[in-house]
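S.K.: Take a look at the following structure, please.
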Amino acid sequence: MTKKALFTGSFDPVTNGHLDIIERASYLFDHVYIGLFYNLEKQGYFSIECRKKMLEEAIRQFKNVSVLVAQDRLAVDLAREVGAKYFVRGLRNSQDFDYEANLEFFNKQLADDIETVYLSTSPSLSPISSSRIRELIHFKASVKPFVPKSVVREVEKMSEE
């Protein structure tokens, strides 16, 4: 039986913290789907196409990881569609745990056959968040230490425009 997992987020943008979780999940599961979720009602910092491109470039070295774009749907529905029996969630701190535990409660109500697996972010990466990265970009500070090269390239393109 193939063990498939789903790791969801907006990845606006993808960070080295996300990649840490993706890499470790790729060792635990036969296939990891990255569910790139977005809501048409909300304006992302990067377009969905750009986020997908940055993610795909960042995960290229992982042969058992792929990106799926999901619009206005529940993670449990996408998990069922791809046959994933596990949600992978990254934890940076206790606030993340509180949020994720609440999310797990509702996911279990909707799909009690899908387990949630928590992976703690590596301590050196735990302060990194997409919202902090967007703030650094806004103030034209370097994001190189915190994000994959694919994001750095997109930020540099934005600066040139």
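We number each residue from 1, going along the chain as drawn.
Using N, Cα and C of the backbone, Cβ positions are placed for all residues, glycine too.
Quick paste from Swiss-Prot:
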BINDING   SER10, PHE11, HIS18, GLY90, LEU91, ARG92, GLU100, LEU125, SER126, PRO127, ILE128, SER129, SER130, SER131  ATP binding site
BINDING   SER10, LYS42, ALA75, ARG89  substrate binding site
SITE      HIS18  site 'Transition state stabilizer'
S.K.: Restricting to the same chain and to sequence separations of six or more, state which residues have a Cβ under 8 Å from that of HIS18 (ATP binding site).
M.R.: GLY9, PHE11, GLY90
S.K.: Just report the maximum Cα pair distance in Å for the recorded ATP binders SER10, PHE11, HIS18, GLY90, LEU91, ARG92, GLU100, LEU125, SER126, PRO127, ILE128, SER129, SER130, SER131, no decimals.
M.R.: 18
S.K.: Validating a neighbour-count step here. Other CB atoms within 10 A of the CB of LEU91 (ATP binding site): how many?
M.R.: 17
S.K.: Pick the one among the binding-site residues ALA75, ILE128 whose Cβ has the fewest other Cβ atoms within 10 Å in this structure.
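M.R.: Lowest Cβ count within 10 Å among the binding-site residues (ALA75, ILE128) is ILE128.
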S.K.: Of LEU91, GLU100, ILE128, which is closest to ALA75 (substrate binding site) if I measure between C-alpha atoms? They're all binding-site residues.
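M.R.: When the Cα distances are compared, GLU100 comes out closest.
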S.K.: How far is it from GLU100 (ATP binding site) to ARG89 (substrate binding site), counting Cα to Cα, in Å?
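M.R.: Just about 7 Å between their Cα atoms.
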